[in-house]
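In what follows, a structure is listed as structure tokens, so that the remarks can point back to it.
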């Protein structure tokens with residue numbers, strides 16, 4: 001991944017700083033030297049690195065810093081804030097709204113990934129309830145319309161283009177007018193890739209802009225082009241005056257610092273980042289979340305948004321859990337949900353501390369193992385799917401049949417059944433009349449408020465089930481009754497039986513953040 005090496009080096013510099021017994025001028029200078037060297041070797045502009053160093057030094061007065069961990073935290077916070085400022089021009093980007101047509105024009109260099117990103121962006125807005133569409137106004141590159149057409153069909157997004165018309169201004173105007181009449185919310189116009197030396201194409205870009213009058217112009221910036229990104233971005237800014245940037249190809253191995261320099265030089269916000277070639281590989285950009293992931297501190301907000309965008313079907317499982325049941329079918333549904341989340345390394349980078357633990361782990365191996373588990377459960381009968389796995393314990397011949405039918409080993413089938421059995425036992429302790437939820441009357445928040453003594457009993461049961469280890473960053477001592485009550489309500493989606501529509505992820509996130517200590521760097 002782009003910036004992976006930068007993240008490791010920044011982590012290492014902050015880790016060495018944290019190990020020191022006391023904070024002094026020499027220690028701070030060493031930290032800043034290591035950080036600046038890492039940024040320079042990633043192609044970040046020298047002027048920006050000098051500004052970052054100067055700003056950190058202004059914020060830190062070593063002579064007045066408290067000794068020990070508090071002094072270190074002040075220095076670490078200053079570093080974190082300045083790294084955020086590096087990628088945050090503090091300019092609000094345009095946001096499309098439902099019921100009002102918004103025209104977005106995409107510009108950028110040839111080969112930067114504009115056409116693919118157009119489809120990703122249309123799908124992103126469509127999933128959030130906005131009617132999205134695409135206009136293919138790239139008549140310069142052979143096959144551009146065909147590529148956009150294929151991507152649009154895959155994303156199930158309406159599109160407009162022409163095989164006969166060669167004037168991109170005419171195509172763009174006709175497409176935008178058509179979709180405005182059809183009351184679309186987001187109209188994304190794909191234009192030809194162009195270089196700053198190609199004055200004719202730059203003039204064409206201005207003509208298209210004058211014809212369609214976009215609400216927002218977005219520049220697609222390839223993370224791999226290095227220090228040339230700054231000069232190219234300035235040329236586009238002067239001509240098209242783009243209001244936002246999408247950085248693509250962040251799944252590669254280029255340095256990527258040039259793209260960050262371009263953002264700082266043009267004072268334009270990054271709105272999204274492309275993390276892969278697939279249609280779902282587009283992430284909303286948040287400066288603090290980006291730097292947090294870079295330093296190995298995770299991005300819970302991004303994780304929750306990603307989970308919510310996938311629209312998991314949880315109704316059947318929630319209903320079964322309330323009754324104290326967990327079936328093989330529930331297990332299969334959850335496997336499918338996990339695979340929708342994407343590569344394990346991507347998820348790990350969003351969870352504090354997990355990115356370091358994932359070093360050396362192979363995404364392909366993890367994905368293959370989950371696929372083989374799906375093969376196993378897909379080879380079962382309806383009766384077996386609706387069981388809690390006990391059927392296989394009572395009739396071992398079923399294990400051999402499923403192994404043969406799925407092309408897996410008997411051991412793999414037994415391991416899968418064992419996992420289902422573990423979840424089934426947990427479900428019994430959680431649901432039903434005699435379970436945790438049953439004793440809380442189906443509404444955890446209300447029951448705990450009525451009788452706080454049940455909180456202690458619930459904690460003991462969860463510890464006995466191996467669920468009392470806590471979450472990284474949570475301070476159990478700081479959790480009060482109000483925190484537990486709110487979280488319990490969120491876990492049930494805001495209600496008891498009949499009203500449980502799934503977890504309130506954003507609410508849970510806010511509650512976790514309120515209870516978190518400042519993260520420790522080791």
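Keep in mind that glycine also has a Cβ here, set from the backbone N, Cα and C atoms.
If you look up Swiss-Prot, you'll see 108-115, 190-194, 248-251 marked as GTP binding site. Around residue 194 (GTP binding site), the same-chain residues six or more apart in sequence whose CB sits under 8 Å from its CB are 107, 109, 110, 201, 202, 204, 205, listed in sequence order.
Among the features that Swiss-Prot reports, region 'G-domain' is placed at 1-295.
Per Swiss-Prot, the feature region 'M-domain' maps to 296-522.
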How does the model score the region 'G-domain' (1-295) in terms of mean pLDDT?
88
What are the non-local neighbours of residue 111 (GTP binding site), defined as same-chain residues 6+ apart in sequence with CB under 8 A from its CB?
193, 222
Least buried by Cβ count (within 10 Å) of the binding-site residues 108, 114, 191, 250:
250
According to DSSP, which of helix, strand or coil covers residue 108 (GTP binding site)?
strand
